[in-house]
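Everything below concerns the one structure shown next.
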C-alpha cells in the first residue's frame, strides 16, 4: 500500500479553498485561534515543557499551533498535504520571524526516515479527516522517541457533538463553513484509545474542551462528549 493512499482529496480541497483566511482572527478559522492557547498550554504542561525539544505538528494546516509552539522555544516541523495552507504557513512564518520547517507529506511517508526522531508529536483535529486514522496514529508513534509524548485531538461521535459542532457551529453560529465536518468520521474516546492501544503508545490523560457561545470562550472540562484531547506516551 502506498503511503499517499491515506489521504482524502475532498478533505484536502476543502482546506485549500479556505487557506487565504487561515490567519484572519475573525475569519473561518477563528475557532482554531480561540482554541489554540488551551491546546498549547496542555501540550507544554503535559510534556514537561517543549522548550528546546523537537516537535512535529501533523496536519499543521496554516501553522497556528506550529507557530505558537515555536514561539515558546520548540524546534518545530509542520506536516500537511495541502499545498495552499502550507504556503500560507510559510509566508506567515517569514512575516513573523518564526523558524519552522514546513513539509508537504503524509505522516506515514515522513515516518520512514524520522523513526524515533521527535520528542513530541501533535496531531490536532486531523484524524477525523483521513480514511485510516490507525495508520496515522502508528506513524506518529513511530516518529516519537521512547518516553516522548504524542497528542491527539478530535471530536466525539454522538448526538450532542452533532448538535454542537455541525448544527450549531456550522449552520446556526456560522463559526465554520458548512461541510467542514462529517459526523460519521468523528471518533469516540473509547475508539481512539483502542487505536492507540494497537501501538507502543499509552494513554496518560484526556481532557474535554467546551465552548460558550455567549462569552466566545473555550475552556477545559472533564467531559469528553464533544471536543477532546488525549496525551499519550511512548513506552521506553
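Cβ from N, Cα, C; glycine included.
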Of 8, 80, 182, 197, residue recorded by Swiss-Prot at the S-adenosyl-L-methionine site of 39, 59, 124: 80
Neighbour tally for residue 80 (S-adenosyl-L-methionine binding site), based on other Cβ positions within 10 Å of its Cβ: 26
Residue 39 (S-adenosyl-L-methionine binding site) CB neighbourhood, other CB atoms within 10 A: 22
Residue 59 (S-adenosyl-L-methionine binding site): tally of other CB atoms within 10 A of its CB: 23
Structural state of residue 39 (S-adenosyl-L-methionine binding site), classified by DSSP into three states: helix
Long-range Cβ environment of residue 124 (S-adenosyl-L-methionine binding site), under 8 Å and at least 6 residues apart: 39, 57, 59, 65, 151, 152, 153, 229
